Structure formats: C-alpha cells, structure tokens
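Asks: Take this structure first; my questions come after.
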Amino acid sequence: MFMVSRLKDLTIITSRLRHYFRNMDVKELKPPSSVRGMQELQREQFRKIVQVPRLRVPESQVQRVMPLVKKFLLKMEHLHPVRAVDQSREILLHPTPVKNWESLPTEDLQRQKVNAENFSFADLELRYENWSANEILKSVLPTEEEGLTSYSRIGHIAHLNLRDHLLPYKQLIGQVLRDKLPNCRTVVNKASSIDNTYRNFQLELICGDPNYQVETKENGVPFEFDFSKVYWNPRLSTEHERIVKMLKSDDVLYDVFAGVGPFSVPAAKKRCHVLANDLNPESFRWLQHNAKRNKCMPNIKMSNKDGRQFIVEELREDLLKRLCTTDTTTYAIHITMNLPAMAVEFLDAFRGLYSADELAQLPTNVCYPTVHVYSFAKGENTKELVRQLVESNLGAILDENLLQGINFVRNVAPNKDMYRVSFKLSLNLLTTLKEVEVTRKRCAEEELEVPTKVKYV
C-alpha cells in the first residue's frame, strides 16, 4: 500500500497514495480502549481528545504551502485537514511522520515565510464520525476471535454471515454498517444454511428498514429483485462475466438454473438465443422483469420448471431442432447449471436424452453443446474431488475429448471450494443411458481380467 523508510524522524516518504499512514497504527488516533466489548452502540463513548501537530499559516500562503506538506496531512473520516481560523488557515498533520518542526521540509517552508513559530501541538476532539466502519468494529469486537472479515452489498442491503462468536454484537455491527456505508438502509444476517426448495437465503433483519426489493448493477447490467425471496450472490459477478464473455452473437445458451438472470439477461443483450429456466416462482417473475427492463425479450424464452423437466422438455426439443436443421459449426451452444449444492445430480438427465435413431442422420462435423456445471467440493484435493463427483453423476469418464476445463471459482469455507467443470456432450452420452454405460464398463473390465487369470493358472 505505501512504504515509509523508518529513519530517526520518519521523514522520507517513498510512495504517493490517498492515505499515507495507517491511523490504527497510532495509539492516539485509535478509538478509546474503553469501547472494547461494547454490544450496544453508544456513539458518545467514542469521544476523545488527542494532541496532533499543526501549522498555522496566513490565508494568502496556503496555496504555496500545501504542496510542501500534502503528504503529511492528517486524513480521517469527516475531518478536514485544512480549517479556517480567524484570518489564517490551520493545517492538521499526521503524528506518525511529524514529531516536531524538524520533521517537515523546513528550508522549503521558510522560503514561504513559514517557520517554527507557525508550528505547534494542540488538542483535537475525535468522535464516532471520524472512524470508518472497519476501524470502529476493530476497536469494539474481541481481539482473541476473528472479527468481521467481509459482507456483501446488494443495492441498499448489507448482507452478513456472522459466526457464532459475533452474534452478541450483531445489533452493534448492523448499526455501524448502516451509519458508515453509503446508501445502506438495511442490514441482514444469514439466518440458516440454504436448505429450502428454492435455494434462497433465510434472512434475519438486524438493523434498518425491512425492505428487500433492491436495484443493483452487475457488469453494467441493471437487475431488480426481492433479495429475501431469490438467490443472488455478488461474489459470483466475475464468474458470470467470464461465461458471458465466451458467448458471441447468435450463440445459444440453455440456462437450467437461471435465477433472476445473471447469465441469461446479459447473454440475451448480446443477441444470443437464450432458453432460461428456474423453479422458484419469484425468481421466474424477476427473470421476466429483468429481461423486459433490459429490452432483450425477443432473444429469450423463459420457463418456470424443475431443472430436470426443463432439460427433457424445452432443452431437448430446441437442441434436437438445432442439431438436425442448422449448421452447428457456425455458432456455439452452452448449457449453464449454476446450482452448486446439487446441479451435478441433474447431469444424468442428458444420458439417453435422445434415441440413436433421432440422431442417426447428423453430419460428422456436428458441434455438441458445452456444459458448465458448478459444484462444491470439500476436502484436501478439491479439484480432483469435484471431477470425480461430476463423472459419478454423469456416469462417464471425462477424457481429453470431453473435458474442457475444471476452473476454480471461489473459496466458500475452510476446505470447501466452488468449481466450474466444463465438458462437451457427445453422441454417446446423449443416446446411451447411464445404467447401460456402467454395465458396459463392468463388462469391459471383466473381459480384461479373464486373460490375466488364465495366464497365471
């Protein structure tokens, strides 16, 4: 972030950034130690008086003096380092690099008729408003436990996932975030794991308005939805962008678990042909709303079904028409399955999706769809575990002809990662049932074993 060469008076600054010195490294600039352990927010308890160095210069000299001391300014929340005092200006300086008059570029200042008489230490009152949310929470929460490491912003909502040891402080945390975060009106905590039918968060309101309808933008695309009734995770914005960037105009996207449209709507805006589905009626309603809002309705068809039903009905019919009547070498077909807790369980729906007769007349250069299935994996070698999970549910080995990549998406918890496994469907997968494939594999293994046994008899 920045670098300070620690000589006797800490005067040499080697980089230029907005904040040159960490206020929380200076005891005088930290909130009072008495607030440690506070569970009910008492803003007045954060008041303290500190002594800080300052320069007082005539108003006419300020413009010439500021470039000389700019890197030494005291910067805190809601604190102006240059203040009017009578007919002069008072410049507040940071106590880390400025220990005395000699800590400043004295020769340059003296050329501007500013000398030691202009320098002094004086009292400054600090208040709750002068610290950021992070600084307030670090001063309050227990030091022996991990503090609040992250939260998500979705429109006007701050979404937390508090660990058990922080629950006694949840009201205070909520109030601090609502006070400090721009345009934050509502703070919620994840109340339980996502285990309901529609896979949306169960929320606990800890501070603010019980208004969960939000407007937000992801990668420049506006979305609107009721956060309490649908699934939305801003931490997946980069992954959404990666998939959408793969798509070109006239490509096809089948989005099996579309949610409110983070894959489907941007793809439709790119003039891709999109079939999007979600089981949750609320997600389906907001998916329609977002498609209309983004003026991409002509490029998207939407359904409100179970993912398996969508695959064997809408996806099956549309894909068959494309494979049999269009030149698939001129565009790409993608299938997204972003339901990482259970998406792999739907992979067997692609096995035997068609009879051999239905695909018998396909050209030899036909291009089959690429499936992007998301999954969690827990353990040590999570990348290998997620591959095994996909292969087990698909009932097939992902060899070099099928596997397109296993991509790390994000760390969810200690030893729990989220991956995207991308692979090509094939004629064999689409026309052979999973059980038949397993039986053939066993037969092949038995045939290989027989000569071995005979050899050693």
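Including glycine, each Cβ sits where the backbone N, Cα and C put it.
Small disclaimer: the values here were computed from a predicted structure and weren't measured.
Residues or ranges marked as S-adenosyl-L-methionine binding site by TrEMBL: His240, Asp278, Leu279, Asp306, Gly307, Asn338. Under the heading domain 'SAM-dependent methyltransferase TRM5/TYW2-type', TrEMBL lists 151-427.
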Asks: With the cut-off set at 10 Å between Cβ atoms, which of these binding-site residues ends up with the most neighbours? Options: His240, Asp278, Leu279, Asp306, Gly307.
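Replies: The residue with the densest Cβ neighbourhood is Asp278.
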Asks: Taking the residues His240, Asp278, Leu279, Asp306, Gly307, Asn338 listed for S-adenosyl-L-methionine, what is the greatest CA to CA distance in Å, to the nearest whole number?
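Replies: Comparing all Cα pairs, the maximum is 22 Å.
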Asks: Would you mind listing, in sequence order, the residues at least six apart from Asn338 (S-adenosyl-L-methionine binding site) in the same chain with a Cβ closer than 8 Å to its Cβ?
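Replies: Residues satisfying the criterion: Leu236, Phe257, Gly259, Phe263, His372, Tyr374.
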